[in-house]
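> One structure coming up, written as structure tokens, with questions to follow.
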């Protein structure tokens, strides 16, 4: 099993690139599938919707572990979310501070290939789902036909910008402060296995997502949000039925909210990681994961 430090100090690792691509592909495809089910069945139960989302994240990681074990005989680290890899890349500097062969910032090298592979995986998942959607709407499952692809991408969003920003700040902060920290728990001292970390993380994630459902959810994954913005823009621009002013307003809100979420995500991930890094430095600890 390769430690995250080995992954992050490389400019390219084939196994990690493939697993991040695969995990994010599954995540994007299943998220879109869940949205299709929610829209077609008009599900509004917050508990059910939150469970769907967490189950998708769980399946994305477990399925990646499964095929990586079969194809590459490895049990890879799956970051899945950009927050996790950015946070870990900064915190892992702790293990490089006294190294005579590595520079302190070498743990940031991995960001150059991990984040792009996550994005490519998500975009590929969206494209494949669209192909799947076209095929399924041509079948006898007529109840799916009532859901236009635009309805899967869009949601009624009347949130004011300040409210949206504050909500995202709170829940992204909670996610980063809790989920990212779970991976730093010493496995030897705690006796936790990889699957134990995952189960604990999924329980915490469910609580976060369920609480956020009362505020119309939050931006869980900034790259997923970017893909939604890209595809939303494309389908808005080719929509001949919508008013041009409506399209302009929708595009403005879509990209404004994305930029807000991007800034919040980066600031929180970096600031919290630096704080944790300083705590580790002062305590002369090492990151063991």
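Each residue, glycine too, has its Cβ placed from N, Cα and C.
Since this is a predicted model, take the numbers as computed values, not measurements.
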> Out of 143-165, 258-280, let me know the one TrEMBL marks transmembrane segment.
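It is 258-280 that TrEMBL annotates as transmembrane segment.
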> Please work out which recorded stretch in 47-68, 195-211, 218-238, 258-280 has the most C-beta pairs separated by under 8 angstroms from the transmembrane segment (113-136)?
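Stretch with the highest Cβ contact count: 218-238.
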> Spell out yes or no: are there three or more C-beta pairs under 8 angstroms between the transmembrane segment (195-211) and the transmembrane segment (47-68), with each pair 6 or more apart in sequence?
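In contact, yes.
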